[in-house]
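Working notes, beginning with the structure itself.
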Amino acid sequence: MSTTHTPAGHTPAGTTETAAATAALGTTGPRTWRTAPPDVSGGWRPSGALVGYVVLALALLLVAPAVLEPFRLGLLAKYCCWAIAAVGIGLAWGRGGMLVLGQGIYFGLGAYAMAMHMLLADAGPEGIPDFMNLYAGGVMPTWWEPFRSPVVTLVAIVVVPAAVAGLLGLAIFKRRVKGAYFAILSQALTAAFALLLIGQVKTTGGFNGLNNFQSFFGYSLYDPANQQMLYFLAAGTLLAAVALTSWLNSTRFGELLVATRDAEERVRFLGHDPANIKTVAYVVAAVLAAIGGALFVPIVGIISPEQVGVTASIAMVAGVALGGRASLLGPAVGALVIGYAETYLSESFPGSWSYFQGALFVFVVLLLPGGIAQLLTRRSKKEVPA
Amino acid sequence: MDVFLSQVFTGLSAGGVLLLIAIGLTLTFGQMGVINMAHGEFLMAGAYTAYVMNTIIGNAEASLLLALPVGFFVGGLLGVALEAGVLRWMYRRPLDTLLVTYGVGLVLQQVARDIFGAPAKEVPGPSWLDGSVPILGYDFPLSRLFLLALSLAALAGVAAVLKLTALGRQVRATVQNRDLAETLGISTRRTDRITFFLGSGLAGIAGVALTLLGSTGPTIGSSYIVEAFLVVVVGGIGQIKGTVIAAFVIGVGQSFLEYATSGSTAKVIVLALIVVFLQVRPQGIFAVRTRSLA
């Protein structure tokens, strides 16, 4: 595509690498629509982003606990878990241009690690989870053993997904597998992961997954006060995740990531290795997804292959697309809105959720590639990279 | 020897199914840069076509043969509708076509659920596909032999169209260099539409054929689509011969691994091997040299 000779001002998407690179690196280029100033703020002026962030924080930490009944607050806590993963997708996809369709893997790694620990904690010092008595003849695999320790579990929730994402990311990006190939590959890996979970009934609970938890680090899950504590934990983590990506975006790494998205070859010529830049973003996204997954387990009370498979992984992308993938708050807000819409629509009109979700993908991607954030900032949709 | 042969044959017929699904994908991906996730739902439409034909005709012997061409048109028309309604606005945005067509697929699945209900439907196979033929001392089921023959026939058909007809020349020209083809007076819009019709029609045929192997449900397409895309990626996008090799290698390899381990472990190993393979050849077995996709 880069060999195509197209007159300036008449450029189809994908052929303006150099122009966008010039822009992203801060020098001037011909005035085509891809040469807007570096979009490091993702369409949000710093002040606008700050105001939005404060509004989100107030809404999550003060308004929601005050007005929502406990059941609804629990649902909001669940949406927060998805939103934490969505913030990571925003970084990898919106900033880095990597369409990650496989965040379910990392969500699942975090969730299953947490679930294993909670089951073991409930079972007592020498006990084993009930389902193993049922399916595995009372034998626990040795690699479950370390998850008795809360510290090991918390470390594993971060380290295991980071290691998997780091290895996969380097393997894939060093060989310059990108774009559509990467998307398909990440989707295939998710399918494999879900199959693996279903297949290993004796260690993962198979199709039913892990459930029936009693306590979270010693706190009973049935106590309303603890449920509220979990909500604040999830909401606080979400706000911290947004703050983290905001900081990352403002660093040199954030600029390099956007530059890699818009003009990978140019970044390479300048002496950076795009594979490393992409891998870092991919690892951060993976860890955020894993943390979301780890919080999901005590809040929802179950983790099963259904919640981490291909469909769930793509559903996580829906919220990001709706909110605006390249904006700071878009992915988080989009994921919260989608979570609410899913609950509302499937409660009120069973079956209509699929139509809505399908239509959402079509209309947002086709007509509003910048998501809701694009409406708020009144930018031309063409300024959002494909 | 018996086990070896039976795994080879099972793998070949599985590869044949993959091939039937993947040819259409590789055509539309290679030529138009469209990642059509709704391809699986076109397949589903084909399978339900077989079910409807069977219900209307009530004669399993004839309905399969009639369902094949009808399924081709149902799949093809759905494809043309998708192309004309949505995709023509988003050429050269492959990642976005992936999401958009995934959305269309979700809608189609729900449509199927609303029309036919969520439980899977059985389509009785014709009696002339019951039983098996002895090949080299191994009893090979006729229905699987039919699948293999069907996919080879479809392959021959596509190859003939691409190699021998004016349309085929235009398609190949468009794949290799869309802008140059346009300059030479080829209507790439028209070529796109016909290609999409052909590719989606093949998905319809594949769907009809799949009713011979099992029951038909709203999610039948999504269970095949990921594997079909892997075949396309491994084969090299837009490369028919690469797709053929990849489909049969993956089909046979999976069949042996399934015998050695279990169904799910085999799929995981196949995926791991594909990741390793992409380390060696990121562009697949064969690569289009003239233009790079995103």
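Here the Cβ of each residue, glycine as well, is placed from N, Cα and C on the backbone.
Annotated features in TrEMBL:
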type     : residues  : note
TRANSMEM : A:50-68   : transmembrane segment
TRANSMEM : A:75-94   : transmembrane segment
TRANSMEM : A:100-120 : transmembrane segment
TRANSMEM : A:150-173 : transmembrane segment
TRANSMEM : A:180-199 : transmembrane segment
TRANSMEM : A:229-248 : transmembrane segment
TRANSMEM : A:280-303 : transmembrane segment
TRANSMEM : A:315-341 : transmembrane segment
TRANSMEM : A:353-376 : transmembrane segment
What stretch, picked from A:229-248, A:280-303, A:353-376, has the most CB pairs under 8 A with the transmembrane segment (A:150-173)? A:280-303
Which sequence-distant residues neighbour the transmembrane segment (A:315-341)? Criterion: at least 6 residues beyond either end, Cβ under 8 Å. 39, 41-44, 49, 52-53, 56, 75-76, 78-80, 82-87, 89-90, 93-95, 99-101, 103-104, 107, 238, 241-242, 245-246, 249, 289, 353, 356-357, 360-361, 364-365, 370-374, 377, 384-385
Six or more residues out from either end of the transmembrane segment (A:75-94), which same-chain residues have a Cβ under 8 Å from its Cβ atoms? 42, 60, 64, 68, 100, 103, 106-107, 227, 230-231, 234-235, 237-238, 241-242, 245, 248, 257, 281-282, 284-289, 291-293, 295-296, 299-300, 316-317, 319-320, 323-328, 330-336, 338-340, 343
With the transmembrane segment (A:280-303) as the reference, find which of A:50-68, A:100-120, A:229-248 contributes the most Cβ pairs under 8 Å. A:100-120
Are there residues at least six beyond either end of the transmembrane segment (A:50-68) with Cβ under 8 Å to its Cβ atoms? List them, or say none. 44, 76, 80, 228, 231-232, 235-236, 238-239, 242-243, 246, 328-329, 332-333
Sort out the residues at least 6 away from either end of the transmembrane segment (A:100-120), same chain, that have Cβ-Cβ distances under 8 Å to it, and list them. 85, 88-89, 92-93, 127-129, 144, 147-150, 153, 156-157, 160-161, 164-165, 183-184, 186-187, 189-190, 193-194, 197, 204, 209-210, 213-216, 282, 285-287, 289-298, 303, 305, 307-310, 312-314, 316-317
Sort out the residues at least 6 away from either end of the transmembrane segment (A:229-248), same chain, that have Cβ-Cβ distances under 8 Å to it, and list them. 49, 53, 56-57, 60-61, 64-65, 73-74, 76-77, 80-81, 83-84, 87-88, 90-91, 216, 219, 254, 284, 288, 291-292, 295, 298-299, 328-329, 332
